[in-house]
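See below for the structure under consideration.
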Amino acid sequence: MAYFKAVAYLAALASAAAFNPGSSFVPRLNAPATQPKAAKMTGPTMQAVPCGINGFGRIGRLVARIMIKDPETKLLQVNAGSATPDYMAYQFKYDSIHGRYQGDVVVDGDDLVIDGQRVITTRARDPKDIGWAKTGVEYLCESTGVFLTAEKAQPHIDAGVKKVIFSAPAKDDSLTVVMGVNAEDYKGQTDFISCASCTTNGLAPLVKCINDKWGIEEGLMTTIHAMTATQAVVDSSSRKDWRGGRAASGNIIPSSTGAAKAVAKVIPAVKGKLTGMAFRVPTIDVSVVDLTCRLAKDATYEEICAEVKRRANGDMKGFLGYTDEPLVSTDFETEPISSTFDAEAGISLNPRFVKLVAWYDNEWGYSNRVKDLMVHVAKVDAKVKA
C-alpha cells in the first residue's frame, strides 16, 4: 500500500494563517484544515494518498481541484461517465463561483495533465468496468450520487479500491463521519464511509461546541440554502415536490432536509432533539444555518460567543470558524471552513433559549471535508496496519 508524505510545516503555516490578526473573521484559506488528533500519524515519512474520483459534477470537480493542490493527496484517475477529456478540462478550468483554476491544465490523449500531474480519465458507467486497480487508486471519492450504499459501491472494492468515501449522505447504515466532530469513530472497521451532507457539516460543528459546554435540550434548524443542480431553471415538473419544481432563480422555496436529524449520527447525545427545514433561495453558492435551541444550562449570549471563539481557535480550528464582522454571503465564497459562527447575527431570548447563526460554503467547504476525510481514513488505515 502506498502511504503519504507528512507535511507538518505546511499544516503549521495553515494554522498560523487561519485567522487575520486584525479581525476575528476566518478568511479564505485554500490549505488543508487542521486534522483532529485521531488522524495524526507517527512513524516514518509517508507518501501521498492515491486517490480517485467517480463522478465529475460540482463536488467531484472541486474535490479534484483541492486534491491537486494538496501534497497529502495524489489524484490518479477520474471517471466521468460520458464527458470527453476536452470537456473535463474545460469544466475543471472554469468555474462560475470559484473562478478560473490557477494553474496549467493540458489534455494529452485521454489524460489530463494538471500542474504537471497526470490524471487518467475514463468513461465507464458500471463501477466494475472503471479499472481503478490499473491506475493504483486506493481511496475513492464516490461523487455520482448513485452508488450510495455498501451494496451498490461494493464493485469499487472488487475493482481494487481499498476504501470508498461517499460525498453525500449514505442511503444505508454506512458509517457517517463529520470531520472535526466524530473523526475518531472511524477505526478502520469499514470500507464505506459517508461525509454526510454539506448542511450537516455546516451545522454539526456548532452543535458539538454548544452541546459539549451547555447541553442542548431541543432545537430547530433552518438552512437558507443556495440553489443546486437538482432545481429547475424555469417552472418545471416535480411530482415528488411541487414547490421544488418552481424556478430556482426567481423564488424562495421551502423544502425539506434531513441534515438536522443526521447530526445525531455523529453526535448521539442529540438524537431525537433536533429537526429542521430548508429555504432554497436564488443565490448560486454559500448557505447559512439558523439553529434555534433550548439549552440544558444557563448561558449568556456573550458566553456562547466566547466559547465558540475559543473552540474555533483551538481543537476545532479548520472546522469551526468565528466572525464578529458584518459579513454577507458572498464574503464566504471559497471558504474552506465547515461552519463559521456569526456572532453579530445571533440573539438570545433568555439564558436557556438562543438563536445561533453559522455560514458555510456548501460547495467548497464541503469538498474540503471530503478530501480531509479521505486523508484521515488513509492515516487511520496506515496506523492500524502498522
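Every residue number used here counts from 1 along the chain in the order it is shown.
The backbone N, Cα and C atoms fix where each Cβ goes, and this holds for glycine too.
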Additional site residue, Thr228, Thr292, Thr300 [criterion: listed by Swiss-Prot with Ser197, Cys198, Thr199, Thr257, Gly258, Arg280 for D-glyceraldehyde 3-phosphate]: Thr228
Co-listed NADP(+)-binding residue [Swiss-Prot; alongside Arg58, Ile59, Arg125] among Asn350, Asn362: Asn362
Among the NADP(+)-binding set Arg58, Ile59, Arg125, Asn362, as the record gives it, the longest Cα-Cα distance in Å: 27
Number of Cβ atoms other than its own within 10 Å, given for Ser197 (D-glyceraldehyde 3-phosphate binding site): 21
Helix, strand or coil at Arg280 (D-glyceraldehyde 3-phosphate binding site) [DSSP, three-state]: strand
Rounded distance in angstrom between the Cα atoms of Arg125 (NADP(+) binding site) and Thr228 (D-glyceraldehyde 3-phosphate binding site): 23
